[in-house]
Amino acid sequence: MSALRRKFGDDYQVVTTSSSGSGLQPQGPGQGPQQQLVPKKKRQRFVDKNGRCNVQHGNLGSETSRYLSDLFTTLVDLKWRWNLFIFILTYTVAWLFMASMWWVIAYTRGDLNKAHVGNYTPCVANVYNFPSAFLFFIETEATIGYGYRYITDKCPEGIILFLFQSILGSIVDAFLIGCMFIKMSQPKKRAETLMFSEHAVISMRDGKLTLMFRVGNLRNSHMVSAQIRCKLLKSRQTPEGEFLPLDQLELDVGFSTGADQLFLVSPLTICHVIDAKSPFYDLSQRSMQTEQFEIVVILEGIVETTGMTCQARTSYTEDEVLWGHRFFPVISLEEGFFKVDYSQFHATFEVPTPPYSVKEQEEMLLMSSPLIAPAITNSKERHNSVECLDGLDDITTKLPSKLQKITGREDFPKKLLRMSSTTSEKAYSLGDLPMKLQRISSVPGNSEEKLVSKTTKILSDPMSQSVADLPPKLQKMAGGAARMEGNLPAKLRKMNSDRFT
């Protein structure tokens, strides 16, 4: 704690985050009344923390046959216990079936009873019963060839069965062994070494309210072309009355700037800036206690060692978003390398953060700065006047040549634009005048010439008073300077007046 305060100041405090996501510690004795914490009912998640989606498909009816049309994918998607059961069952049934076929051939030819006759040539030598037929099939299928049991040339049906056995065995081996190989080489287990922080935090970063969470890679092998995406799942009702139970909204985590493309060598903090385009524009610390939403995070990349695409998922509910927290730093510089301390990967600490939403902060800023509104209004009026003049130019160009001459000269829209701009500038600069001049300008019937004359009079009165307050010697010098200026030639007086005007 002392080391953290030396590094970040006394306003920061380390908080041990709990599974509820509140980030609060129970008060000890002598720290005020301890509140009774009511356990909140666990909310159903759409995506678990380990990335499993809590979705079950029911009432498929006749659509179940679609799984058999893609049998290979169906077997790969099964759990390991079912894969092993199907693997063993398929080989056992195939071996028993082919051994039965060899036994049937021997039985129909009478080889079982004549096998010990000296001058008799059976279909398969030394096959006397079903166990011997089964051993012959295993020796043939596994290409062992002990040399004791073998097929003879006096049995054409045995030759045909031998060809069928070879083809069927190759198909079964390719299907089952290929299924097991794909099952074992799936990059799902690679996602187990990709970490996400237990909580997401909301605090200020670069002067903006930002939603942040942390990702990390435990392996030394890199994730090539790693990319991260975020989805906000929230129920809402449309203006037409349609209820959307799981409406998916995109959270921008740097798609426009390329920040979503990650170089995931050390833990990174993913940021979503909350602005007017963000779905959390109206979210405040108080409203977050009543909101219900879920943030789904999807991290995709190519495994460097296998070249296969890997995807890791997690989610954060409203209880797992901490307001006014920041992640603890985990990277330190050692001698010749950077060290990552994963014991502090999930740790957060409190930071000063306004409890208001971005919308409320903008409204308070607008109310505290009254000059912002007139500036915005004047800019809008100027923009509208320019658009009107552009439309007037388009209409004028569409008129016949005779009507164009009647409408006036070509510089008419430009003069009108200058007149409108100077009028708006005068109206806007009225607030900068003294209160006395503002009252004079607000009186109806005062023309611009009267206003200028009164302004000149008001500005000249202090100057005359200041001259009267000067000593007699300086007054004579000021009067002499005025007489000297009056005695100057007309050309010099004109140059002097142009210089100060």
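Even glycines carry a Cβ here, placed using N, Cα and C.
Note: TrEMBL annotation is automatic and uncurated.
The compositional bias 'Low complexity' annotation in TrEMBL covers 18-37.
According to TrEMBL, the domain 'Potassium channel inwardly rectifying transmembrane' annotation covers 47-187. Residue counts for the domain 'Potassium channel inwardly rectifying transmembrane' (47-187) under DSSP, split into helix (H, G, I), strand (E, B) and coil, are 91 helix, 4 strand, 46 coil.
Over the domain 'Inward rectifier potassium channel C-terminal' (194-364) the predicted model carries a mean pLDDT of 92. Under the heading domain 'Inward rectifier potassium channel C-terminal', TrEMBL lists 194-364.
What TrEMBL lists as region 'Disordered' is 1-40.
The transmembrane segment annotation in TrEMBL covers 84-105 (among others).
Annotation source TrEMBL lists transmembrane segment at 159-182 (among others). Under 8 Å from some Cβ of the transmembrane segment (159-182) lie the Cβ atoms of residues 72, 75-76, 83, 86-87, 90-91, 94, 98, 101-102, 105, 137, 140-141, 151, all in the same chain and six or more residues away from its ends.
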